[in-house]
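Read the structure below first, then the notes.
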Amino acid sequence: MATTNNVTELIFTGLFQDPEVQRVCFAVFLPVYLATVVGNGLIVLTVKVSQSLHSPMYFFLSYLSLVEISYSSTVAPKFIADLLSKVKTISLEGCVAQIFFFHFFGVAETFLLTVMAYDRYVAICKPLHYTVIMSRAVCHRLVAGSWLGGFFHSMVQIIVTLQLSFCGPNVIDHYFCDLHPLFKLACTDTSVEGLVVLANSGLISFLSFLILVSSYIVILVNLRNHSAEGRRKALSTCASHITVVVLFFGPAIFLYMRPPSTFTEDKQVAMFYSVVTPMMNPIIYTLRNAEVKIAMRRLWGRKVK
């Protein structure tokens with residue numbers, strides 16, 4: 001994997017060192033992960049079978065939920081199992097694979113959230129042209145573009161990783177594999193690689209966040225021309241999306257927009273956006289969206305019958 005490589009296995013320090021605290025964390029984070037999978041899976045199923053949720057907004061929401069399940073699953077199962085292990089190890093190849101899928105699904109989610117903001121912009125600012133602009137073919141292309149963007153981003157991360165040389169030590173001060181903690185184990189200077197990561201991860205997060213904020217500013221300005229009921233419905237839908245955007249982009253920008261020389265990995269912040277945030281998606285969208293709640297009730301009523 002690299003020119004000089006004496007390391008084949010890596011050891012995580014984990015989130016906490018105290019065994020009692022780790023057992024408490026296991027009891028907390030296992031239900032959190034299960035809630036993430038079940039909640040987001042329920043959204044995917046509801047959108048799939050409900051005739052009332054076949055608009056582009058819910059089409060994108062179902063894919064967002066699918067990405068949330070995948071994104072959380074790259075970190076949470078291994079992290080939760082390690083909470084009951086004395087020694088938390090991962091092979092170097094497994095570490096590289098975790099980096100690839102973590103960034104792949106993370107950037108796919110970034111682009112999907114941007115696409116969802118564009119969908120709301122067209123729906124509110126160009127309602128007469130909405131069905132033409134957001135046709136089914138266009139929606140599929142936008143989703144495919146999100147996945148493709150995540151793939152190319154992750155390939156850059158992997159190319160950077162494969163250039164690193166490891167000759168010891170092999171202890172990562174983290175609970176999963178990410179580039180900055182891995183840089184600390186490299187035998188060579190990683191300042192160039194750190195700048196590449198800053199440009200690749202940080203700028204994607206920051207520019208996508210700017211596009212999202214700009215979209216919602218334009219939407220809020222245009223809402224002045226709508227009726228009170230139209231404004232209420234639009235604001236309710238947008239509020240759910242904005243909440244998810246802030247929860248996702250806030251920690252990501254905090255971690256990846258800092259220069260590598262000043263980077264100190266904040267494991268608690270990483271925990272929030274890698275394990276906790278994916279669970280919030282179904283809660284936010286079901287609590288604030290009447291159509292989703294009604295469709296879920298109908299789905300559960302059908303299952304009971």
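Glycine residues also receive a Cβ, built from the backbone N, Cα and C atoms like all the rest.
For 39-285, the entry in TrEMBL reads domain 'G-protein coupled receptors family 1 profile'.
What TrEMBL lists as transmembrane segment is 26-45 (among others). Same-chain neighbours of the transmembrane segment (26-45): 61-62, 65-66, 68-69, 72-73, 76-77, 79-80, 83-84, 275-276, 278-279, 281-283, 285-286, 292, 296, 299, counting only residues six or more beyond its ends whose CB sits under 8 Å from a CB of the stretch.
The transmembrane segment annotation in TrEMBL covers 57-76 (among others).
For the transmembrane segment (96-118), same-chain residues at least 6 beyond its ends with a Cβ under 8 Å from one of its own Cβ atoms are 1, 57, 60-61, 63-64, 67-68, 70-71, 74-75, 78, 90, 142-143, 145-147, 149-151, 153-154, 157-158, 161-162, 176-179, 182, 201, 204-205, 208, 211-212, 215-216, 241, 244-245, 248-249, 252, 274. Annotation source TrEMBL lists transmembrane segment at 96-118 (among others).
Counting only same-chain residues 6+ beyond the ends of the transmembrane segment (138-160), those with a CB under 8 A from a CB of the stretch are 56, 59-60, 63, 96, 99-101, 103-112, 115, 118, 179, 193, 196-197, 200-201, 204. Per TrEMBL, the feature transmembrane segment maps to 138-160 (among others).
Sequence annotations record features per position, and here TrEMBL assigns transmembrane segment to 203-223 (among others).
Marked as transmembrane segment by TrEMBL: 235-257 (among others).
Marked as transmembrane segment by TrEMBL: 269-287 (among others). Tertiary neighbourhood of the transmembrane segment (269-287): same-chain residues 15, 29, 32-33, 35-36, 39-40, 42-43, 61, 64-65, 68-69, 71-72, 75-76, 79, 102, 174-176, 178, 240, 243-244, 247-248, 250-252, 254-255, 293, 296, selected by CB-CB distance under 8 Å and a gap of 6+ residues from either end.
Counting only same-chain residues 6+ beyond the ends of the transmembrane segment (235-257), those with a CB under 8 A from a CB of the stretch are 57, 106, 109-110, 113, 116-117, 120, 197-198, 201-202, 205-206, 208-209, 212, 216, 219, 223, 265-266, 269-270, 272-273, 277, 280-281, 284-285, 288-290.
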